[in-house]
Amino acid sequence: MIIYSVYMGLLQMQLILHYDETYREVKYGTLGLEDIDNKMLMGINVTPIVGLLYTPVLIRFLGTKWMMFLASGIYALFVSTNYWERYYTLVPSAVAIGIVIVPLWASLGNYITRMAQQYYEYVNYKDEHVQEQKKPPKGAFNSYIIIFQSVFYIIFHLSFVFAEFPMVLFLNRYLNDYKHTLFKVTQCGASGKGVIENLNKTVLLSLPRSLLLIEVESVLMGAAFLAMLIFLVLCGAAYRPTEEIDLRSIGWGNIFQLPFKHLRDYRLRLLCPFFVYSGFEVLFAVQGIILSYGVCAVGMEKLWLLVMVYGLSSSICSGLALMLLRLPRQTILLVGAFVHFVLIIALMCWSPHPREPSYLPYLLVLTALWGLGTALNKTGLSTLLGMLYEDKERLDFVYTIYHWWQAIAIFIVYLWSALPMRAKLGLLLLTLIVACFCYVQMERRLAKKIPFRLPRIPRPRHKVKGYRYLEEENSDESDTDLSDADEKDEDERRLVEEDRNTDEDSQGSQGPERRKVRDRRKKHDNSAYEHAAEREEYVQHMRD
């Protein structure tokens with residue numbers, strides 16, 4: 001919440017200042033701030049589309065907690081580059097933010113779900129399956145996952161509220177009124193095109209002092225460092241050290257393939273349209289409703305109020321996800337989709353007149369209702385993934401797919417910004433209908449108990465000796481013995497399989513093939529005999 005409050009607040013303030021023609025000419029001359037802003041937004045929106053390729057590798061290398069800490073450091077770096085606004089500071093930091101968006105949210109979703117599971121173990125520590133570290137009953141974690149995800153989104157959506165503090169306390173008094181900024185605007189809402197057509201290039205009444213800007217950025221920098229310290233000091237490890245080492249001992253190729261292997265599961269494939277819609281709707285709330293409908297009608301001086309109402313509504317309504325403790329899990333997602341469906345139809349038919357402050361109450365109600373749908377969508381999807389994949393050892397890869405599809409959707413929204421509003425609403429409505437249809441199909445398949453493919457994380461072959469890898473059944477057995485036994489079993493299985501295959505071959509080729517298999521088996525038996533003799537010798541030596 002703190003990180004995104006700082007990031008969104010600074011980005012909003014930066015874009016407004018850089019949009020003003022007078023500010024650019026007086027402060028930076030021929031530097032080309034507008035072009036820098038375009039490349040910066042491109043870096044933030046385009047880079048995450050390759051997130052599926054490197055996110056598993058980063059999580060494997062850093063672990064869940066340290067991935068979140070690194071991402072918070074990147075956001076703090078973005079704040080620090082605003083002290084010296086140049087192409088070589090702003091654009092690379094924006095690209096870095098684009099790189100860490102998917103890993104941050106994948107780690108965060110997995111971390112919250114894991115904390116819910118650990119809290120269940122803490123509360124039910126007397127239960128036999130907890131003490132013996134056995135598999136818990138099906139659905140045991142569900143109520144804890146619902147509560148943890150709801151509380152997280154209640155707090156996180158307040159970032160929209162705190163992000164407006166720089167606007168309210170600092171920038172708002174430098175803005176021109178709506179009569180000046182919207183003087184040339186002729187169309188808003190459904191009849192408009194792009195974001196706001198013909199918005200005045202001079203939105204500032206007077207230029208803020210450079211020293212004041214530095215003070216505001218310093219406060220934001222302090223908040224970013226506070227968020228980093230919270231991640232570092234207060235967040236515990238998501239997994240035991242042995243579990244993190246287990247993940248790191250898996251090959252790079254297997255780690256790279258895991259997200260793609262998860263897509264074999266029909267549950268995840270059928271949820272992909274909802275993931276895409278989740279990315280569409282949150283960006284449309286800001287770019288479409290708040291700007292194209294709100295600011296276009298009542299002016300930029302009311303921007304802070306519209307965003308705050310949206311954030312407060314999303315925060316309060318995230319608590320409605322607690323209804324899943326009593327209601328079926330389909331309720332939250334479908335109710336949120338229905339709210340957005342009604343609002344999209346209404347938006348298609350409404351074109352508010354520019355420079356009409358009397359529309360403000362209707363716009364506040366509209367943003368509050370859209371915030372209700374956003375809250376149910378975000379909380380519902382994160383909770384659903386935690387409930388569907390409660391048996392998985394790690395959910396990093398499941399949440400990677402979720403937030404990667406969101407990043408794809410955000411990239412598409414970035415591309416469609418110049419389209420007519422009704423075209424945007426049509427794409428949004430189509431995606432919502434497809435998402436609901438696919439989700440209902442998924443629930444129907446689960447009700448019919450159609451089996452799904454659940455990919456497992458490969459079991460690592462540990463080459464390190466030490467207390468961490470001793471088996472409970474026989475703690476005196478070394479890792480070398482274990483690996484030899486595993487290899488012996490694999491060789492025996494392979495030999496039996498080859499023998500079976502040779503029996504099915506043609507008559508002419510049976511003799512040589514069988515001789516080969518027999519020779520290999522004899523070699524294998526000899527090596528097994530030698531190993532057994534060595535073990536006996538070793539045991540006798542230890543006894544003496």
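One is the number of the first residue shown, and numbering goes on along the chain from there.
Any Cβ shown, glycine's included, is placed from N, Cα and C.
Here is what TrEMBL records for this protein:
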{"type": "TRANSMEM", "residues": "40-59", "note": "transmembrane segment"}
{"type": "TRANSMEM", "residues": "90-112", "note": "transmembrane segment"}
{"type": "TRANSMEM", "residues": "141-163", "note": "transmembrane segment"}
{"type": "TRANSMEM", "residues": "219-239", "note": "transmembrane segment"}
{"type": "TRANSMEM", "residues": "270-291", "note": "transmembrane segment"}
{"type": "TRANSMEM", "residues": "303-325", "note": "transmembrane segment"}
{"type": "TRANSMEM", "residues": "332-353", "note": "transmembrane segment"}
{"type": "TRANSMEM", "residues": "359-376", "note": "transmembrane segment"}
{"type": "TRANSMEM", "residues": "397-417", "note": "transmembrane segment"}
{"type": "TRANSMEM", "residues": "423-440", "note": "transmembrane segment"}
{"type": "REGION", "residues": "468-544", "note": "region 'Disordered'"}
{"type": "COMPBIAS", "residues": "472-490", "note": "compositional bias 'Acidic residues'"}
{"type": "COMPBIAS", "residues": "515-524", "note": "compositional bias 'Basic residues'"}
{"type": "COMPBIAS", "residues": "525-544", "note": "compositional bias 'Basic and acidic residues'"}
Residues of the parent chain within Cβ reach of the transmembrane segment (219-239), under 8 Å, 6 or more residues beyond its termini: 2-3, 5-6, 9-10, 63-65, 68-69, 72-73, 75-76, 79-80, 110-111, 114-115, 166, 247, 394
Stretch-level contact, the transmembrane segment (332-353) and the transmembrane segment (141-163), CB cutoff 8 A, at least 3 pairs: no
Chain residues outside the transmembrane segment (40-59) and at least six past its termini with a C-beta under 8 angstroms from it: 67, 90-92, 94-95, 97-99, 101-103, 106-107, 247, 252, 255-256, 258-259, 396-397, 400-401, 403-404, 407-408, 410-411, 414
Residues of the parent chain within Cβ reach of the transmembrane segment (270-291), under 8 Å, 6 or more residues beyond its termini: 195-196, 303, 306-307, 310, 333, 340, 347, 363, 366-367, 370-371, 373-374, 377-378, 381, 384-385, 401-403, 405-410, 412-413, 417, 421, 424-425, 427-428, 431-432, 434-435, 438-439, 441-442, 445
Recorded stretch, among 90-112, 303-325, 423-440, maximising Cβ pairs under 8 Å relative to the transmembrane segment (397-417): 90-112
Folded-back contacts onto the transmembrane segment (359-376), same chain, C-beta under 8 angstroms, at least six residues removed: 153, 157, 281-282, 285, 289-290, 293-294, 297-298, 302, 305-306, 309-318, 320-321, 332-333, 335-337, 339-340, 343, 347, 352-353
